[in-house]
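Enquirer: In case it's useful when we look at the structure, here is the feature table from TrEMBL:
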{"type": "COMPBIAS", "residues": "32-46", "note": "compositional bias 'Basic and acidic residues'"}
{"type": "COMPBIAS", "residues": "83-94", "note": "compositional bias 'Polar residues'"}
{"type": "COMPBIAS", "residues": "704-724", "note": "compositional bias 'Basic and acidic residues'"}
{"type": "DOMAIN", "residues": "152-181", "note": "domain 'DEAD-box RNA helicase Q'"}
{"type": "DOMAIN", "residues": "186-380", "note": "domain 'Helicase ATP-binding'"}
{"type": "REGION", "residues": "22-109", "note": "region 'Disordered'"}
{"type": "REGION", "residues": "700-724", "note": "region 'Disordered'"}
{"type": "MOTIF", "residues": "152-181", "note": "motif 'Q motif'"}
Amino acid sequence: MSDDDGMLLNFTMSDEPNVAISKRATVTSGTWKERRMMKMKLEGKEPKKRSNGKDDGSNRRNKRRDVAVDDLEMTNDAKATWESFSGESGASDNQKGKQKKDGPSNVIPAHISSQVVTSLFTSNRKIDTLKNINQKNEDEETNPSNAPLIADDFESSGVSDILVKHLHEKLKIDKPTSIQKLVLPQLLSNNNEDLFIHAQTGSGKTLAFLLPILSRILNMKTRVDRKSGCFAIIIIPTRELAQQIYQVLISLTGCCHYLVPCLLIGGESKKSEKARLRKGCNFIIGTPGRVLDHFQNTESVKTQLGKSLRYLLFDEGDKLMELGFEETLSQILSLIHSIPIDTSAFPSLPSRIVNILSSATTKGDVTKLGNVALKNYKMISNGKMDNNALTSVPDQLVQSITIVPPKLRLVTLGAYLDSLCKKHKQQKTKDASHVSRTIIFLSCADNVDFHYEVFSSSDSHHGNLVGDSVRILTKGNTIFPSVDPEINPDVICYKLHGSLTQQMRTSTLQHFSKESETVAGKHLIMFCTDVASRGLDLPQVGTVIELDPPFAVEDHLHRIGRTARAGKSGESLLFLLPGEEEGYMEYIKPYHPKGWKMLNYTDDILKPTFQNAAVSRNDKSKARNSDEWDINATTWHLNLERRLLEDNYMKELAVKAYISHTRAYATHISKEKKFFNIKFVHLGHLAKSFGLRERPRTMGFQTAKHEEAESKKAKRENPKNKMFRLAREAQKQSFSEFNY
Ligand SMILES: Nc1ncnc2c1ncn2[C@@H]1O[C@H](COP(=O)(O)OP(=O)(O)OP(=O)(O)O)[C@@H](O)[C@H]1O
């Protein structure tokens with residue numbers, strides 16, 4: 001495909017050769033005023049400037065700027081490519097001479113496609129939010145709300161001495177956090193009540209329930225080993241989280257090697273899990289489906305449970321219910337409770353099975369789980385509790401919000417990532433091996449694939465590290481880092497979602513979390529779905545970006561909770577669209593008692609990155625060397641658009657991402673639909689942020705067969721049913737993210 005495609009702004013082109021632009025140009029996008037102005041310009045007429053008297057001048061300036069951007073795009077991009085085309089096509093000297101005289105913009109070559117390229121900066125919806133409704137007080141000193149308590153210790157809470165020593169020497173943990181301080185005495189006492197542990201993200205809920213259970217086993221007079229039976233079963237919604245808790249247990253049992261945990265998760269070999277169960281284990285950690293499967297089909301499990309099982313834990317209980325595991329959990333519970341308890345072997349353990357639920361958020365569903373699992377449970381929380389059982393975000397987390405028009409989402413993300421990379425470079429001057437970690441949350445797997453590809457595969461300036469899900473970037477990128485291809489990016493990109501193989505998911509997370517020579521001095525950027533939003537304890541995540549809005553406020557809290565953990569600092573940025581989505585800020589205000597900063601997408605994000613950046617074009621033409629931020633931002637975007645035109649694989653990814661994203665958008669919970677309704681989104685503009693110049697349906701992308709099938713379906717189906725069907729499909733897709 002020609003490089004020239006897409007160099008034309010806001011007008012369609014004739015296929016006829018050498019047709020004067022002034023006669024044929026049709027302006028097809030923008031407001032009517034802009035279209036008229038552009039059309040007049042193209043026809044060589046000077047539009048009359050009229051003032052309505054209300055304009056304070058800034059509008060006029062902006063409008064002039066938009067037109068100027070269009071002109072510049074046309075003169076630099078279009079002229080350059082038309083010129084180069086006329087050279088390539090072997091135009092006659094006569095023609096060339098004529099072109100020179102008339103100027104290149106007067107003649108349109110035959111094979112330039114009739115693609116319409118809309119400008120990034122025109123026709124964007126107005127942003128209503130003029131004032132930050134929840135301004136962060138920058139002068140207020142904030143103490144980390146999920147940090148260990150300085151004036152406390154584990155000994156006084158009754159934790160076993162061996163464990164206290166091990167925590168101090170091997171894990172460098174000396175003081176309990178506030179939720180641990182509350183839960184420890186409860187589980188160490190002989191009350192044996194069911195518990196609901198509810199505390200902020202990163203506040204140490206895992207140790208809050210594991211330490212007392214281990215302590216009680218270690219404090220028993222009886223000698224135990226892996227053959228003594230399973231004392232606790234921990235059920236978790238995601239495989240990654242199960243692996244994490246398994247690792248925590250492995251490190252805790254470092255002081256008592258005779259106690260053995262066992263991991264049961266989907267995607268792993270059932271045969272080897274069975275073998276491990278036969279050998280015996282003291283803790284089972286698993287995802288619901290696989291645990292039930294073993295309970296039903298592995299005889300050795302049931303025989304162990306009667307004399308030993310005393311604790312049943314549901315971590316991220318609300319997510320378990322949201323994913324529809326109620327039935328599976330009920331079956332697990334009825335199987336467990338059907339086994340008679342024999343207290344004679346371990347009399348100092350509870351005389352009944354204690355059920356424990358843990359989560360940073362609660363909602364209607366979790367009470368259902370409470371009814372399924374907990375009996376007269378006690379709620380233990382370190383947060384503010386009211387009717388809505390709110391958990392606020394950690395006090396030290398610095399939240400920012402930016403309202404960005406749909407067309408500009410991708411370029412704004414690029415600019416923000418670039419600013420994070422610059423920050424990382426600064427930190428590297430103090431410590432050459434400094435590692436920065438950034439997580440970007442996206443709506444669905446296809447969207448992750450697309451963004452990962454955009455930011456990591458430009459011009460093949462990358463090397464794969466772990467299969468195709470971890471890429472180290474090298475010099476020469478024109479997309480990322482967005483500005484100077486000559487500088488070593490020092491960036492490693494990762495992708496994580498439920499459609500990757502379990503092996504890939506595990507090795508990706510390991511690479512992202514572990515300190516190693518490959519990651520030393522690098523900025524690690526992970527593009528992921530909500531599969532990484534729950535419970536994952538990834539070390540030193542400095543920034544969380546929510547490019548796609550969360551599907552429910554609980555997801556928002558969990559996503560941003562991947563940073564600012566256990567008293568550490570952290571930042572997060574939420575992208576919203578102008579219009580109805582701006583109302584979301586009022587909705588999440590109660591969860592952010594410390595407020596947030598509003599970032600202006602132009603002044604605070606785009607300008608600092610693109611001003612004087614001289615972004616190079618990724619085609620044959622020379623670099624622009626422009627100082628203008630908006631021209632540089634436009635060049636950056638056009639580079640991507642050109643890639644899509646030249647690379648069918650990229651284009652397919654973009655189309656799939658766009659389609660899946662719009663479908664996923666329709667699955668926002670009904671309570672939040674007033675902010676996130678696909679009807680409010682300008683789909684053409686949204687397509688632009690996927691590098692697409694038109695909405696996929698109008699691009700003729702679908703095959704004739706597919707279209708025929710679709711149109712038949714459309715004829716049969718009424719719009720309401722179609723909406724429900726698409727929502728169901730998207731929901732199914734988002735659930736399958738987790739691939740249990
Ligand atoms: N007492 C402590 N002192 C220092 N660090 C701790 C302490 N307790 C836990 N941590 C660390 O805090 C981090 C967060 O712990 P954990 O994963 O249990 O949080 P959480 O409350 O379960 O968070 P989430 O709700 O996001 O799942 C872990 O790295 C853990 O090692």
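For all residues, glycine too, the Cβ spot is worked out from N, Cα and C.
As the structure is a computational prediction, the values presented were derived from the model and not from experiment.
Situate these features within the shown structure.
Expert: Mean pLDDT of the predicted structure over the domain 'DEAD-box RNA helicase Q' (152-181): 92.
Beyond its flanks by at least six residues, the motif 'Q motif' (152-181) meets 146, 188, 197, 199-200, 203-205, 207-208, 211-212, 214-215, 218-219, 251-252, 254-256, 380-382, 566 of its own chain at Cβ-Cβ distances under 8 Å.
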Enquirer: With DSSP as the reference, give the number of residues of the domain 'DEAD-box RNA helicase Q' (152-181) in helix, strand and coil.
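Expert: Final tally across the stretch: 16 helix, 1 strand, 13 coil.
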